[in-house]
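Summarising the annotation, Swiss-Prot assigns repeat 'WD 1' to 5-46. Per Swiss-Prot, the feature repeat 'WD 2' maps to 61-105. Per Swiss-Prot, the feature repeat 'WD 3' maps to 116-156. Per Swiss-Prot, repeat 'WD 4' is recorded for 162-202. The repeat 'WD 5' feature in Swiss-Prot is assigned to 209-252. Look at Swiss-Prot and you will find 256-296 tagged as repeat 'WD 6'. Look at Swiss-Prot and you will find 299-339 tagged as repeat 'WD 7'. Marked as repeat 'WD 8' by Swiss-Prot: 380-403. The feature region 'Disordered' is assigned by Swiss-Prot to 460-495, 794-820, 868-1007, 1066-1136. Per Swiss-Prot, compositional bias 'Basic and acidic residues' is recorded for 469-486. The compositional bias 'Polar residues' feature in Swiss-Prot is assigned to 794-816, 991-1007. Swiss-Prot lists 868-886 with the feature compositional bias 'Pro residues'. Positions annotated as compositional bias 'Low complexity' by Swiss-Prot: 909-919.
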Amino acid sequence: MVKISEIARTSTFAWSSDTLPILATGTVAGAVDASFNSSSSLELWDIFSATNTNEPIFSAAVEHRFYALAWSKPFEGRPRGLIAAAFENGVIEFWDAEVLIISKDLAKASVHKSSKHSGPVRSLQFNPLQSHVLVSGGSHGQIFIWDTKKFTEPFSPGSAMTPMDEISSVAWNNSVSHILASTGNSGYTSIWDLKSKREVLHLSYTGASGRANFSHVAWHPTKSTELITASDNDACPLILTWDLRNSNAPEKILEGHKKGVLSLDWCQQDPELLISSGKDNTTFLWNPTTGQKLGEYPTTANWAFQTAFAPKVPDIFATASFDGKIVVQSLQDTSPPVSEKVTSNDDNVFWNQLSTTDTQQPVFDIKQAPQWLKTPSAVSFGFGSKLVQVSKDSNGKSIINIQKFVAKGQSSSSELYTALKNNNFKSIIDEKISSNVASDLDKSDWKLLQKLAESGKDEILTEVTTEEEEKKPETEIESEDKKNGDSEDVPASADDSFFDNLGNGKVVLENEAPFVPSGSFKIFSAKVSEEDKSLIKLVLGNKIEDAVHDCIERGKLLEALVLALDASDDIKEKVKNAYFKKNVKKEVSRVLYSVSSQNITDIVSNANVANWKEIAAGITSFTNDPDDFNSKITELGDRILESKTVADSRDTAIRCYLAGNALDKIASIWLKELPALEAHLLESDNAENVSSPSEARLIALTNFVSKIAAYRSISNISGEISGPSAEPISKAIVEYTNLVAGNGEFELANIFLQLLPSDLAGTEKDRINKATGAVAAVTASKTVKSGTSAVANSVTAKTSKVSREVSSTPKPSYQATMPPIGAPLAPSAIPSASVPSSNPYVRASNPYAPHVSSTNIYKPAAPVVQAPPPAQATAVSPPPTGPPKPVYKQETDGWNDLPDTFKSKAPARRAAAVVTATPSPTPLPQTTVPPMSIPPGPKRSMSSGSAAPPPPKGSRANSKVAVPTIQSSPRPAPVHVNNRYAPPPSADVNAPSNTHSSPVGVSPSTKKNPYAVAPEVAPRVAYAPPPASLSGLGFSGGAAAPPAPPKNPYAPSASSVISPRVSNAGIVPPPMGRGIVSPPTSFGSMHAAPIQPAFSGVPPPPPAIGHQPAASAPPPPPAAKTPVPTKSKYPKGDRSHIPEKSVLIYQYLTKVLEAVKPNIPEKYTAHGEDLEKRLNILFDHLNNEDLLTDDAIEDLKEVCTALESKDIESASSLNTSFAANHIDQLGNWHRGITRLITMAEAMY
């Protein structure tokens, strides 16, 4: 129940028949309010108004009070129906509802007023089948039928069998318009037939508790022979259902009211819902068909004398009571509990809120959905062009029908698939060109594709660039030839030579003799100028360079060019530059410049695009490199497309793009035209098969991808779509593949998905692969958790691209030397005191777990001893060759986890075939189990030359290979800083067994505690010490005790750890992970035990604790002292000493936190407080400068900057990188930043 409105009136009411109904109220007769006010008013209320529902939209005073109100459905001449009022003085008045609402004038809206009744009128109802017919009943047993169209004299339905003193209720039959029922204080309910004008039947009931005194009657919404009556007798407060075919006794008796029932209403939209109210101040919801009470709504302070559903909104009903309220509420209860309404922690405020809060909630005994919320029939499209239909038979049972659905336009997709398989688009091209449905632009595109298929891309430009020459008339050519004198110089015998050289634009005649001067001449004649004399002297003196320079200075470029012909290249360039500088504004000079330099970039970029044909001819003539040609012709297409001076710029640009293999450019144009093509398909008279926008969209997308496929086939283009427009094109193709895949054409969808980059269509590819069963075989392995009893070989796998690169699983290079998966591993000649080691470069999959290498760098060079074969091999998937990508999500779901409100709704990713090898973070006591065999790793070939792999990209700067320093004794354990915010160190380690014994038994890991934080990362050392002794070392069966962990404020108290004996403190026991160490990787570094320390970052041995071991072992070093906690420089909460380099982190995080806090739901307040606490831990570290390095601070600044600028995606990515690169500096504070990013994402 949701209380929609509460009207402070003691009034009767009537609903309008509008979709959002209006409520009419009239002051009820016979009631006295607290002020003893005797006035009366008619009011209209817009309950669903968005502005103000506390005030009526109309109110007018009337002389007398009301017994009943009725509001008819719209009918002829009354668009919003009539309002009829029954007054206590026997008057019935009618108002036009529309006039009343618009004019707000009661007198103007009044259409009729009658005093036909001789006493008070108790009940009114309009006929549901004939909206203009009204029945009224009142005192003295008077019942009248009114025609509100003509307002003629009302008539009586006839004489009653048993006279009644007062009619309390009248009701029309909902199926037969001339049948009505009436009931009164005589204890009878009469059935009237207006056609025969007589009472045909009357009903009465006498039970064990007495005689029923009927107060209300209502007909079944759909069955003409069933009705229901209510008794207001306190001794017999019953609701009776009747079937007139057996009127001797009621069909059902509904018991539940403690006192008399005053009102009921049978829902017209659901015959299985009935609402009633009465003298016991209650309102009940019933199923009258079964006779069961469904629920009870909050009680009132006085009699609830009327209740009724809204005619067009049956989920809403109103109840009027004598406590001065009309409550409008909903059937369903969606209100929050009282505990959420009253939220104050202050006692005084709590009781104040409680006193003003509606604490009553409806109580439902039986949950039953209304008929309008049930689905009598349903239909749904299924994946693969399936259509599922659900319907009901005559017995109400569901019938499910699944059939194949063939969408319009699906035939085009089938033709496209055939063309793709045969690599032949000729039929599709011909069909598109001849189609009556295609637009002109679409046809022009297909014609270009046809020319491209027939002639090639070279001919596409050639036919355009040679059009004008072909159109030039022969007379014009001849006149030009005569003008130039060329025709006289070409004899008939030179025809062959002429045509051979015609393509070069010049004619060289075979018998043309070279120029040879003859006759005498003067070197210096009288007409020779001094300038020419100087030039002649320079030339004759073979000073060609000076002569050229002189010619250039005097502007004699012709002579300079002749002199430069046989000169050096520098002189030629000098002359050319002089020429171009002098004729810089001449068009021919710009063209000659590009031609002489064999680079037409200037022409392509700067020439007027109106001369695009000449530009295209130049590109064709002077560009020999295919990539350069494609680039320049595509640039020309861009300029044409942007130009407004070129006719048919769109088609011309596409022609250039086709010639330049610029598929992304062409597809961008086609993509922009998709909406226009869809509109054309919907408006075209020839497109008879297109009847909806979805069909037009499918046809347009099919046409789009068909063009792309045809062009790629014609141009022999392979590979994925790329370029600046790859993303929008890919989205359109993905949309098309979703449509055709939904029609069951998975092969066609898969073909087009292969054209798209994986980062844009990876999910769709997986979806199609699953549907077709073509998922690549990937060996799956179950993740071994820290609490399972099974022991498996643990493999840390790379999982960065598992969800997309399913079909490209690399094969490990060690495959030939390793037994098949699931087969027992051959025993290796390795010391039995060790277990197969891990790659020291591989990080733990949990970023909060300590980075511990399982390679024992302190292990002595022991003699090779053959280990016993394993009893049972464990099947694992082959590990990839690279280090893993860290995974930062912890599936703990503890009290401190982020609430679901803030979790992003990302689709579930497929689990990777990974077995993680992470030390257990919980320092709980170990359970001793009998030793069991560990399958040793395969023997490493000495001739393979395998070396440890380099660290992964992005690894920490301090993870470098360090040269070990030889020391005489093992280095003592480092003193840990007692930081209450840092996670505790790992306590789960295994001790090596006796050298000649079977492999050590492994204790089962304890279950991960969801409330405990990740363990502390041990401090790193630059140089690892060598072992104290390399011979004669024996081991006892005990394990080295871990150092005492610092107090963790977030973890529950744990039992004390049993400290077993240790035989040699100089040996670092391998860490206890979640099972036996995995097989080797292809580099062979995960199981090789080095002779001497070679890597930094390996934790030193823990302090020796326990009793003195066997006499053969050297005495252990003294136990380390308890770490002394280091006091912070500044108190907690101090922010005044945050250095300048870190203050930006503090400012940005504080700003985002203050923006997020007001939006945190109240029930997640604890999460918000925990978030702030974690950030304060970081701020304390920044203030004390005791945790983060400068590199870490800079990386964290990038995270905070992205978060402050609301770039959530970048912030999340940078935060992940930060955790991977600075794992040794993480703590409880980092979880706070991760949670802040997620909360900010939910808010923004």
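Every residue, even glycine, has its Cβ placed from backbone N, Cα and C.
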Answer yes if the repeat 'WD 1' (5-46) and the repeat 'WD 4' (162-202) have at least three CB pairs under 8 Å among residue pairs 6 or more apart in sequence, and no otherwise. no
So what's the mean pLDDT when you look at the repeat 'WD 2' (61-105)? 95
Residues from the same chain, set at least six apart from the ends of the repeat 'WD 7' (299-339), whose C-beta lies under 8 A from its own: 1-21, 23, 25, 28, 31, 33-34, 47, 73, 262-265, 267-270, 273, 275-283, 285, 357, 359-362, 364, 370, 372
Using a Cβ cut-off of under 8 Å, list the residues of the same chain at least 6 residues beyond the repeat 'WD 4' (162-202) that approach it. 122-130, 133, 135-143, 145, 156, 211-224, 227, 229, 244, 247, 268
Helix, strand, coil: count each for the residues of the repeat 'WD 2' (61-105), based on DSSP. 7 helix, 21 strand, 17 coil
Looking only at the repeat 'WD 4' (162-202), what are its DSSP counts of helix, strand and coil residues? 0 helix, 23 strand, 18 coil
Taking DSSP helix as H, G and I and strand as E and B, the repeat 'WD 5' (209-252) has 3 helix, 21 strand, 20 coil
Kindly report the helix/strand/coil residue split of the repeat 'WD 7' (299-339) according to DSSP, in that order. 2 helix, 18 strand, 21 coil
Could you break down the residues of the repeat 'WD 6' (256-296) into DSSP helix, strand and coil, giving a count for each? 0 helix, 21 strand, 20 coil
